[in-house]
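A short write-up of the structure that comes next.
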Amino acid sequence: MKVLVICAVLFLAIFSNSSAETEDDFLEDESFQADDVIPFLASEQVRSDCTLRNHDCTDDRHSCCRSKMFKDVCKCFYPSQRSETDRAKKELCTCQQPKHLKYIEKGLQKAKDYATG
């Protein structure tokens, strides 16, 4: 049953894509204004108050910066200490990118590079 549903969704996606207007018709449309979008995207900058990757985010755990596609996550851990009392006192948090999101970004970048050139 699951396979049938997946095949039906895939068929509908392919059919709708093939029956849609061609890309040339879309680009000739007057409502398409890519010239207005490109300067906006180029002027977008990284927030100045965000915490960079591998920097301390112990005080503000929601301040991590975004990578190209995904927001980094504040991960906390307890560094190895000699005594048990020192371990309980010191929590260290850093902004990190989860590995699965890192692999997704790399894969999409390689697919984009392959498609463009």
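Using N, Cα and C of the backbone, Cβ positions are placed for all residues, glycine too.
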Cys57: disulphide-bonded cysteine as recorded in Swiss-Prot, out of Cys65, Cys74, Cys76:
Cys74
The disulfide recorded in Swiss-Prot for Cys65 goes to which of Cys50, Cys76?
Cys50
Which one is it, among the recorded positions Cys57, Cys74, Thr116, that lies nearest to Cys50 (disulfide bond) by Cα separation?
Cys57
